[in-house]
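A.B. asks: I have a structure I would like to understand better, so I am pasting it below and will then ask my questions one at a time.
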Amino acid sequence: MKICVAKTAGFCMGVRRAVDMVLDASNMSKEPIYTYGPLIHNPQVLQMLEEKRIFRIDEIPEKGSGIVLIRAHGVPPEDEKALRDAGFTVINATCPRVVKVQMIISKYAQKGYSTIIIGDEKHPEVVGLLGYAKAKGHTITSMDQLLALPRFESAVVVAQTTQNTAFFDQIKVWCKTHLPHYKIFDTICGSTEKRQAEIRNLAEKNDAIVVVGGKQSGNTKRLAQIASLTGKPVSCIENISQIDYGELSSAGSIAITAGASTPNWIINETYREIESHFQQQHPLKAFLCLIRDFLLKTNIMAATGAGFLTYACSKIQGVAQDLDHALIAMLYVLSMQILNNLFTIKSDKYNHPQRAVFYEKNQWFLCAFAILSGSTGLYLSFISGMFSFVILLFMSLLGLSYNLKIIPFVSKKRQFARIKDIPGSKTVLIVMAWGMVTCLLPAFANQSDWRSVAVVFLFAAGLVFGRTAFFDILAVQGDRITGKETLPILLGEKKSFAIIKYVLIFETVLIVSACFADLLVSGAFWFAFIPLAMLLLIQFFKNNSIISGAHREFVIEVSLLTTGLLAAVI
C-alpha cells in the first residue's frame, strides 16, 4: 500500500497566521481572549482553543473587555469599529490576501463601481467583502446568476480567495467577451490554486482520495468535489474515527489532502492511522514498525545514538575508547529524554499522540526507569573521576529543573518563571548537554589536545543541533499550542531550515579542514559525509510527502548511529 500526503495539505498562510496570533496572545496575555465568530472551520482546532480558554463571540455586546481576534476570513468594517467602540482590544488577523481583495473593493466602491463577488454569500469571507462594497455588492455561484444580474455601467469582478479556479476562469472568459468594460481581478489565493491543481494530479495518479477537514469548510468541500470529478472514490473526514476502510480496501495507493483549516497534527494522525491499519495485513512489516516505534517512544534509539556518537568522538581524536563514557552518555540522554517527555505529554497529544498515550499509561514505570538510568550514569561518572561526576551532576540538575518554576524574572511582556520559558532554550540546552557528555567529558578524562577537542565538540554539537532543530520544526504546531518557545517558533520554519543547512555545511567543511591540519586521526575525513548525509535527508524529508513522521525520526536517529559504526571500521 502506497500512501502519500499532498504537499499543499493543511494550514494555508492566512489560517496559520491567525492561529499563531491567537495562540501567541493567549501565551503572552492574562486578559480574556475571544475570537469574533469561529476562528477557522475546523472543530478540533476550535475545541483546542476552548481548552486554552479562548472563546468565541457571535454578537457584539454594548460593553466588553479583553482581546478580540478577527479571524482570517475578515469582517465588514462596521463590525471591527463596533468591537473597538465596545471596549475590546482588537487584533486583526484577516489574511493579507483577503485584505488585498477588501482594498480593491473599497477603492472602486468609492468611485461608484458595483462589485460582483464570485462566492457563497453566506461564507464569512464574502460577508466581510460585501461590507466594503457600500451596498453595491452582488454575489454569484453560477453562470446563470451572473446572466441574471443587470448590466452595470461600471463594475469590478473579484473572487472569494478559496473559489474554484476552473469556475472563475469561465466567468473571466464570459466577461471579457460580453462585458469587456468590467474590471476583473484575479483574487483567488495562489495557495488555493496550487492546492486544487495538486489534488487533480493526485486523484489521477492514485486509486482513492482521503480529504481531511471541517464539514463547514468551503475549500475542503471544493477539494472533495474536484477529486470526485476523476471518478475515484473520495472519503471526506473530520477525524480518524470517520475513516471508512471499506472504501479504501481495494485501493493500491491512497492520497491524503486537507483543507486550509486542517492542522498538521490531524493530517499526521490520519496518515499514521491508515498506515497502521494496512500494516496489519503484513505481519512482518507490522512487527518491524512496532519495534521502530518502541525504540523511538522509549528514547532507546536516541540514547544509543548518543553512546555511538561518544565512541566516535573519542576515536577521531585518537584517545582511548573508554566504553564507560559511551555508557554514561547513553544513560544520561535516556534519563533526561524520558523525564522531558513525561513533562510534555500535553504537547505530545498533538505532535506524538501515540507517544502521549504510551507515557500516560506507563508514566510511573518510565519515571522509575529514568531515575535508575540517571543514577547509574552518575555512579559510573563518579568512578571515572570527581570532575566528571560534578559536571554530570550539574547537568542532571539543570535538566531536571528545566520545567520547574525557579526563575522569578519578569519582563514587561511576560514572566520567565522556568528555563523552558526562555525562547529557544530547549534546542540550545539539548545541544550543549549532548556536546558535553559525548565529547567534553571523555576529553577531560584523557587530557586531549584542546584544538582537537574544539573541533570534535563542534562536530557533535552540530549533528545534534541538526537533529533537534528538525524535530522541533516537525512539532511546531503542537509546541505553539502549549506555549513552548522553540527555535522554529522564535525564528520561523524557513529561517530554521536555513540555519540547519548552514550548520551542517559548516560541519562538513570543519572536518575536512581539521583533517588537512592533522588535528584528527587518519580516516576521520569520512566523517565529513555524515553531516552532509543528514542535510540531504532533512531536505528530502522536507520536500517528500510519502514518508511518515516516525520514519523520518528513525532515519535521522540512525544517522547518529552511523558515527559509531564508521568509527569502528576506520
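Glycine too: its Cβ is placed from the backbone N, Cα and C atoms.
So TrEMBL lists these for the protein:
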ACT_SITE  E125  active site, proton donor
BINDING   C12, C95, C189  [4Fe-4S] cluster binding site
BINDING   H41, H73, H123, S217, N219, S261  dimethylallyl diphosphate binding site
BINDING   H41, H73, H123, S217, N219, S261  isopentenyl diphosphate binding site
TRANSMEM  325-343  transmembrane segment
TRANSMEM  364-383  transmembrane segment
TRANSMEM  389-407  transmembrane segment
TRANSMEM  428-445  transmembrane segment
TRANSMEM  451-476  transmembrane segment
TRANSMEM  497-517  transmembrane segment
TRANSMEM  523-541  transmembrane segment
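Looking at the shown structure, can you explain where the listed features end up?
C.D. replies: Taken residue by residue with DSSP, E125 (active site, proton donor) is part of a helix. With a 10 A radius on its CB, E125 (active site, proton donor) counts 26 other CB atoms from all the protein chains.
Sequence-distant contacts of C95 ([4Fe-4S] cluster binding site), defined as residues of its own chain at least six apart whose C-beta falls under 8 angstroms from its C-beta, comprise C12, M13, G14, V15, R17, A18, A72, H73, G74, T161, C189.
The secondary structure of N219 (dimethylallyl diphosphate binding site), as reduced to three states from DSSP, is helical.
With a 10 A radius on its CB, N219 (dimethylallyl diphosphate binding site) counts 27 other CB atoms from all the protein chains.
Counting same-chain residues at least six beyond the ends of the transmembrane segment (364-383), those with a Cβ under 8 angstroms from any Cβ of the stretch are 298, 324, 327-328, 330-332, 334-336, 338-339, 341-342, 389, 391-393, 396, 441.
Sequence-distant contacts of the transmembrane segment (428-445), counting only residues of its own chain at least 6 positions beyond either end whose CB sits under 8 Å from a CB of the stretch, comprise 306, 309-310, 313-314, 317, 319, 322, 325, 328-329, 332-333, 336, 381, 384-385, 387-388, 391-392, 395, 398-399, 402, 419, 453, 456-457, 459-461, 464-465, 468.
Counting only same-chain residues 6+ beyond the ends of the transmembrane segment (451-476), those with a CB under 8 A from a CB of the stretch are 309, 313, 316-318, 347, 351-352, 426-427, 430-432, 434-435, 438-440, 443, 486-489, 493, 496-497, 499-500, 503-504, 506-507, 510-511, 514, 519-520, 527, 530-531, 534-535, 538, 541, 549, 552-553, 556-557, 559-560, 563.
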A.B. asks: Looking only at residues six or more beyond either end of the transmembrane segment (497-517), which have a C-beta under 8 A from one in the stretch?
C.D. replies: 452, 455, 458-459, 462-463, 465-466, 469-470, 473, 487, 491, 524-525, 527-529, 531-532, 534-535, 538-539, 542
A.B. asks: Please report how many Å separate the Cα atom of E125 (active site, proton donor) from that of S217 (dimethylallyl diphosphate binding site), as a whole number.
C.D. replies: 12
A.B. asks: What number of additional C-beta atoms lies within 10 angstroms of the C-beta atom of S261 (dimethylallyl diphosphate binding site)?
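C.D. replies: Total other Cβ atoms inside 10 Å, all chains included: 30.
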A.B. asks: Within 8 Å of the Cβ centre of H41, H73, H123, S217, N219, S261, which other residues of the chain have their Cβ, at the recorded dimethylallyl diphosphate site?
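C.D. replies: Close Cβ neighbours, site residues excluded: I40, P124, E125, T162, G214, Q216, G218, T220, G259, A260.
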A.B. asks: For a quick check of packing: other C-beta atoms within 10 Å of the C-beta of C12 ([4Fe-4S] cluster binding site), how many?
C.D. replies: 26
A.B. asks: Within 8 Å of the Cβ centroid of the [4Fe-4S] cluster site residues C12, C95, C189, which other residues of the same chain have their Cβ?
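C.D. replies: Counting only non-site residues, the set is M13, G14, V15, A72, R97, V98, T161, T162, S191, T192, A260.
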A.B. asks: Which value in Å gives the longest Cα to Cα span across the dimethylallyl diphosphate site residues H41, H73, H123, S217, N219, S261 as recorded?
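C.D. replies: Binding-site diameter by Cα atoms for dimethylallyl diphosphate: 14 Å.
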